[in-house]
Amino acid sequence: MSLRHRTVPSQPGRPPAAGAIEDEPYNIIPVNNLLADHPSLRYPEVRAAAAALKTVGDLRRPTYVQWRPHYDLLDWLALFFGFQKDNVRNQREHLVLHLANAQMRLTPPPDNIDSLDPAVVRRFRRKLLGNYSSWCSYLGRKSNIWISDRSPDSRRELLYVGLYLLVWGEAANLRFMPECICYIFHNMASELNKILEDCLDESTGQPYSPKITGENSFLNGVVKPIYETIKAEINESKNGTEPHCKWRNYDDINEYFWTDRCFSKLKWPIDLGSSFFKNSRGSGVGKTGFVERRTFFYLYRSFDRLWVMLALFLQAAIIVAWEEKPGGGSVTSQLWNALKSTDVQVRLLTVFLTWSGMRLLQAVLDAGSQRSLISRETKRLFFRMLMKVVAATVWIVAFIVLYTNIWKQRKQDRQWSRAANDKIYQFLYAVVAFLVPEILALALFIVPWIRNFLEETNWKIFFALTWWFQGKSFVGRGLREGLVDNIKYSTFWIFVLATKFTFSYFLQVKPMIKPSKLLWNLKEVDYEWHQFFGESNRFSVLLLWLPVVLIYLMDIQIWYAIYSSIVGAVVGLFDHLGEIRDMGQLRLRFQFFASAIQFNLMPEEQLLNARGFGNKLKDAIHRLKLRYGLGRPFKKLESNQVEANKFALIWNEIILAFREEDIVSDREVELLELPKNSWNVTVIRWPCFLLCNELLLALSQAKELVDAPDKWLWHKICKNEYRRCAVVEAYESIKHLLLSIIKIDTEEHKIVTIFFQMIEVSIQGEQFTKTFKVDLLPKIYETLQKLVGLLNDEKVDVGRVVNGLQSIYEIATRQFFLEKKTTEQLSTEGLTPHDPASKLLFQNAVRLPDASNEDFFRQVRRLHTILTSRDSMHSVPVNLEARRRIAFFSNSLFMNLPHAPQVEKMLAFSVMTPYYSEEVVYSKEQLRNETEDGISTLYYLQTIYADEWKNFKERMRREGIKTDVELWTTKLRELRLWASYRGQTLARTVRGMMYYYRALKMLAFLDSASEMDIREDAQELGSMRSSQGNRLDGVDDVNDGSSLSRATSSVSMLYKGHEHGTALMKFTYVVACQIYGSQKAKKEPQAEEILYLMKQNEALRIAYVDEVHAGREETEYYSVLVKYDHTLEREVEIFRVKLPGPVKLGEGKPENQNHAMIFTRGDAVQTIDMNQDNYFEEALKMRNLLQEFRHYHGIRKPTILGVREHIFTGSVSSLAWFMSAQETSFVTLGQRVLANPLKVRMHYGHPDVFDRFWFLSRGGISKASRVINISEDIFAGFNCTLRGGNVTHHEYIQVGKGRDVGLNQISMFEAKVASGNGEQVLSRDVYRLGHRLDFFRMLSFFYTTVGFFFNTMMVILTVYAFLWGRVYLALSGVEKSALADSTDTNAALAVILNQQFIIQLGLFTALPMIVEWSLEEGFLLAIWNFIRMQIQLSSVFYTFSMGTRAHYFGRTILHGGAKYRATGRGFVVEHKSFTENYRLYARSHFVKAIELGLILIVYATHSPIAKDSLIYIAMTLTSWFLVISWILAPFVFNPSGFDWLKTVYDFEGFMNWIWYQGRISTKSEQSWEIWWYEEQDHLRTTGIPGRIVEIILDLRFFFFQYGIVYQLKIANGSTSILVYLLSWIYIFAVFVFFLVIQYARDKYSARNHIRYRLVQFLLIVFGTLVIVALLEFTHFSFVDIFTSLLAFVPTGWGILLIAQALRPALQKIGLIWNAVISLARLYDILFGIVIMVPVAFMSWMPGFQSMQTRILFNEAFSRGLRIMQIVTGKKSKGDVEVEKRRS
């Protein structure tokens, strides 16, 4: 046993150190009882770290408190500063564990391993307190860490570290405010220094004591006052519905500590009378650092450099194109000729007027939006804002004056004279002065390290110099990347921008010039309405250009998608992705697997000793050899049995994990596993699936080369490694088999032995082909095949076996020898019995092994497989998921992984999963309950995962069940788990994450196992397997067979004892079950299942918030950590840390993560969501991944390691496939490019791995401010980048992830993400990144975050602008007069429409998918997948999703309303009702689609162009596609969406919903009115600007009326304004008509129904008379009735929307508001009917239903699934019978 694992000597005579303290429950290490028998205490480093904390020595003891002998430094701190006992216990273990792990990693190891190395503490202190040191430097304060590097003091360093951890551990919600914690630590460290220096208290003359001391004094005196301030601010926000500018969020309060104010105002001890704590806006502290306001102008504020670039180029392009002279020459020559003109050159100078104007706009926006920051304490900020506005105004005035002077001089001289040129030079001098800051920025961009140095220094001179250009900020400094990265992403964007601007000039701007000039100069237009702008056509020109400009502003997104796809593919190729795509390619590489695993997964130290890998060049050469098998001898593995056995252990454990997951069958396990080296086989026994058909091919080679010498024949066979091994193994196995079934002391045994000796002698002498007939081998092969087949039967017939042996003997002795031997010769050579006549040969010589000898029959099955397999076995394993995982794992081993350290020396890590109340394990009822179609969850899963269900039943039969009915009784737990592992449940996530623990235990064993251990253990393992019978899962009989963790796998039987301790020290899994306490109290099933998970998983810990009622309406809150104690056989509480109040002040998920963060351990933490999974083979690579933290990526080490995800829900339906494909392309190719070369990858959720201590001191792993941080995850990435972190992306390891699978779920998810991005636009993080990143990284950041959603909205606005513009031109008469025959305009617009359509179809979303598929699966398969997606209407889905994103993104920025939307993670196979679809999509899609459809109809009926149907179709096809997609997508992707009966029932349900009168407890699902009010929630919380914008947007609906009334016959061609004004009489009359009916209904309908009917009759008669009169006395015609509907229906809708915006005022007038409600109900009925008509038609038409089912479930069809049964509820007779028996 090594020194590191030595056993602690027992000391029986020693008294217990602290009595009951030793018996306290512990988390990972029993720190209070170092003599306990615990595997982790075998490590001297643990004892050294614990001993270091005990060095209290001569420190002054706290007064008034009894000092106990077992107290340590943390207890000492707690007694002085008033920390909680359990906080101390928690941080003690935290600190000991980290220091021990850090000391284990020391290279070389310290001389004295029993004492803590000072370097370990020093490094840890520097890392943990790095942010504190930066904060002190930033504020110009001297750090209170009084330690000199020349004279280190480990105890003092431990005190500082311990103090910070204790502060952090008890800070609760304050952990989101890292600089607030720095302030607290700064003052407490100052008090600590006074105690350590034995200072006296100036006021008392006594030894100094902290100002805040006593039991729980830190919580009550420091944390609680600040917590109460946060809580008061949250309450003031009214659950986040108040404007952000009216209350302080976490960031505002934290940024208060970025200024000296905190020291002068807040003081220490904290002055509770400070303005910081006051909640009144008058005298209290307001917003700090930044003010969030709801306006789209924030997009301009944050990314002004982008908009300046776009605006200036567009202006310059229009100027040049306008002046181009059409004629001869090429396109480029025309451009250069225009640029040579001095007029053009001077006009181009106007771009500086525009630029200065945009600077003025920026300055005004800054001043206007941030005015709330101005106070007495921030006078400098006011001065800066004012000066910015003044300077920008001066510049624009100066440019205007100088530019005017140029043209004055030009007109005066009538040519470009010298004086005019001097004026130009004056202008240019001003331009140079104007550009000085930009030139300086460019110079610093070229040399980024200088800029980083200037920004990171805290010298006041630099603050003064940069004050004008950017405000002082603690974050966002020194963000420049290294020169190499700088060049890479700059080159990328130079190509993108060059392509974009070239395209824009020649295909967007230039084609528009001619029609614009034509329209601009057009005179005497025959207007068909009253024209307000006289004879000017400027508005028409503006409308013509509007869609062009909108596309121009957003099409960088397209070019980014194209270039990022290309670059992503190149980076992926260099990363060696997709080299092993299928089992065929796996066969080619498998022989190098052992070396690849040894090289990548085994510890680096062994590699250094074995191969001397000292430099990167040798490493790269070895990787190259490994990847392509260069210079590798065939027998290398056989000569290195340790390497082979290690490989076999790892590979077999992976296959075993597959079997436990039921993705392979028992038979496939035998085909895939590497069996132990038995039966004296001298070659590597490759898995059977590699050896298939090889023996037959070898025989055919022997037959062909019958005359060739032995050497040549063997050389041919040895060209294929698998063939060589198959031949050798088959021969040696047959030899062993024959000798083992024939009794040893018989003549037959001697004959067989002699015969094999003859064969081996001939082989050694290379005389085999000269001794034996090679062409007879096939006959011998067939005979042997029959014999082995007989032995492989369930019941072996000994007589037939004897016959088989006799046949072989006859062939071998009589026919096989080349020279036929006589009986005498055979007898002489010992090949015949002494007395042949006495008995038949082999008659009594056969003795078969006992049937219980599983090992023998397993080897027989393998031999039989090798002999009989004729196919290629490319379909092994059958399960697609198993094939994908094997391919990915094998491919990853040939990628560039960091070398793995030993498990002892690896970085420790935790996994954390936030959980609220989702499913843990499916209950029996959930599995059996059926949908309205008669489909249960279990039946659905059995159908979707048919092969896995079959494997599960096979496993259960092996465990003893006879019938399927027993699954519901004795194996119910296993059944529930099987179903839960195929859903998005906590059980699945826990099983996946616990693979880390299992993998670490196995790797720890392999690290420490000697060569003898490996060899002996491999043999022992084989015998253990055989002794277990056919029980492949290897679960101990003691344990429940349904063990979730499967921890007791086959390899675990070999463990020596220390592996568990090592794995626990390196890994812990914390699930933050926020309400677990209340679930236990209520005895909810989730609590029971969570307890079960703890029971089955040793390393699992549950953290929850416990609410304890302490008295009258008082509740105390605690963060609690629990585990399952297997000794006590119950759940035990480990830590209980009191909180200042309720945890949830901000967003729920980050608050849940934050409270559990104190219970995580290790250097890293992986954040995992509840819809994720993990795989055993991927867990093996975790220690490689963690090594990335130690390598530089660019100029920084990583702080977040991005990890690839696999979306495992893609096979459920075509919709799930679309979502999966879209998500996969983002989490692979998209993030690959963001990380390299763009260097702007953020944190997009999970499963990224965080540098835990880096984030611990910088605000945690997410942000939690209410509403603004609704997308909490990405803010961790923003925070990381702003604070100088580095985010990388690694694709050699993957984690599973589930996604939403139904359209409604997907839409809610898209809405949540889009709303989150809308809030991000307003955030300080985006503003700072937009300004602090260099120009090119800013572009990358914009187009991959908020810019993507903004540009999606721009696409929709382009459709609106185009259609409204065409309708304006058509109805006004301009189109008829000027543009009907203008092919130029149509050609120019065609380019715009094509671009818009490309985006609309989702092609630029699909391009990264195609590229990624090509890279990883092959080009042809990628093209086929894309074609299949189009056939399955993916474009309809992507167009629909685009509408969702645009709607919620725009609405959130304007009005707010972002909220967490629970999408549910269940299986979606049930039909969604029409009502539910209408509720979800009415406002986001249906109404907008109807509006666009109405515009298209109006344009079709009134445009002269529309008379040419081809032109109309070409111009409006994309728009019609959008309209149809938005209306029909919810029904196309709805199971049974076109079922006639369901459609009828849906419409009935819709009408019932419309007319149902809501009550107090009624929900929106039941009543239209409740839903209608909920749809206006965003208008209730919006500000006055939001209402004004809403009303302005609603005015567009009045345009229909204005344009169409002049087209009515009754107008008689008049263009007078009176025509429009008189049309409002109709609106007024209808409204009065409506009010009268409303009044009559309210008054008479209930009691006097006849009067109500009479009123209705009179109104109808009156209306009829009016129509008759109009027909008789005016030009009115019946057609006008229908045409006027196009005019007045939109007007009514516009009035209704304006009424909703003015609801606060109108609601006070009951009659009018009731009329508004009635009108709204009428419109929703109308919209519902419009949408229902095409749905009903397709439901009625035969064939649509089956086609729709085919589209929705095509992927399932292709895998032979019975989806038609699922959606129609028809079950097979067998299934029905099983269910009957079951029930």
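Cβ atoms are placed via backbone N, Cα and C, with glycine included.
Whatever TrEMBL says is automated annotation, not expert-curated.
As stated in TrEMBL, the feature transmembrane segment covers range 537-554 out of the listed 303-320, 537-554. Across the candidate stretches 385-406, 489-507, 1617-1640, 1677-1699, the maximum count of CB pairs under 8 A to the transmembrane segment (1652-1671) is reached by 1617-1640.
Mean pLDDT for the domain '1,3-beta-glucan synthase component FKS1-like' (155-271) in this predicted model: 89. If you look at the transmembrane segment (1341-1367) against the transmembrane segment (1711-1737), you find fewer than three C-beta pairs under 8 angstroms, all six or more positions apart, and that falls short of contact. Pairs of Cβ atoms less than 8 Å apart link the transmembrane segment (427-450) most often to 385-406, out of 385-406, 1480-1499, 1511-1533, 1711-1737. When each of 385-406, 537-554, 1480-1499, 1511-1533 is scored by its Cβ pairs under 8 Å to the transmembrane segment (1711-1737), the top-ranked stretch turns out to be 1480-1499. For the transmembrane segment (1511-1533), same-chain residues at least 6 beyond its ends with a Cβ under 8 Å from one of its own Cβ atoms are 1214-1215, 1302-1304, 1359, 1362-1363, 1366, 1386, 1389-1390, 1393, 1396-1397, 1400-1401, 1433, 1435-1437, 1439-1440, 1443, 1472, 1477, 1480-1481, 1485-1486, 1488-1490, 1492-1493, 1496, 1499-1500, 1503, 1505, 1731, 1734-1735, 1738, 1748, 1751-1752.
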